[in-house]
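Okay, structure first, notes after.
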């Protein structure tokens with residue numbers, strides 16, 4: 001179906017600068033700010049709305065517009081133009097509220113995600129310890145399939161923090177491996193970004209096997225079949241420690257990282273210019 005439809009697909013090119021549309025609506029409304037709203041409108045389908053009503057005057061046909069045979073786009077706008085400008089203005093407060101995030105670099109964003117991942121393990125360990133204590137209180141340690149009288153909302157904080165950590169880390173990694181790679185190797189950057197999850201799963205499996213082997217050798221398995229008799233909270237503390245160590249290593253590496261300077265990469269140096277002109281270091285080539 002895609003191959004059948006691809007030849008019929010048509011893409012409409014840009015019809016002008018979007019800033020021109022905004023400027024026309026704002027200027028037309030400013031010119032008619034004294035005109036009463038009871039006048040006739042350029043679009044019969046117009047309905048008054050409460051958002052940005054001052055821009056609606058850009059659609060009013062005053063005496064000067066009525067005398068013109070050709071509509072002046074800088075004095076009279078259509079309903080579609082005014083509504084498009086209103087949509088832009090509605091997003092402007094959201095843009096203002098996000099300015100505090102324009103000061104965070106990509107590496108700082110990844111660092112915040114890694115720092116939050118430590119708290120995911122800490123909260124998970126505390127919640128699991130709470131669950132085991134409740135299981136002991138109700139004599140449910142030897143009944144792993146029994147329902148522990150504990151609210152499911154105890155799991156909510158760790159999932160919220162985990163979601164925030166993923167947002168900061170993976171979005172930052174995607175931007176970093178795309179922007180900081182040479183243009184000819186950006187596919188390799190995307191592969192490295194996607195391989196983080198895959199390689200991480202292999203490392204996670206290795207950590208589980210190592211913890212199982214060490215804990216079994218010392219008496220009891222931390223990750224046994226009976227979750228009430230196991231020590232899943234201990235395992236979470238181990239992961240919290242490893243995450244802390246990983247975060248320290250990341251901070252050390254991030255401090256030494258130098259961002260790619262696009263301006264210098266795009267401008268050829270003296271030798272490149274000389275080679276283009278046919279000489280290098282005073283010698284004809």
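The backbone N, Cα and C atoms fix where each Cβ goes, and this holds for glycine too.
For 94-127, 159-178, 190-214, 234-253, the entry in TrEMBL reads transmembrane segment.
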| note | For the transmembrane segment (234-253), the candidate among 94-127, 159-178, 190-214 having the most Cβ pairs under 8 Å is 94-127
| request: Could you give the residue numbers and ranges of same-chain residues that sit at least 6 residues beyond the transmembrane segment (94-127) on either side and whose C-beta is under 8 angstroms from one of its C-beta atoms? | output: 154-155, 157-158, 161-162, 164-173, 175-176, 179, 233-234, 236-237, 239-240, 243-244, 246-247, 250-251, 254, 257, 259
| request: Give residue numbers and ranges for long-range contacts of the transmembrane segment (159-178): same chain, 6 or more residues beyond its ends, CB-CB under 8 A. | output: 106-107, 109-110, 112-114, 116-117, 119-120, 123, 186, 189-190, 192-193, 196
| Same chain, outside the transmembrane segment (190-214) by at least 6, Cβ under 8 Å from its Cβ: which residues? | 170, 173-174, 176-178, 221-223, 235, 238-239, 242
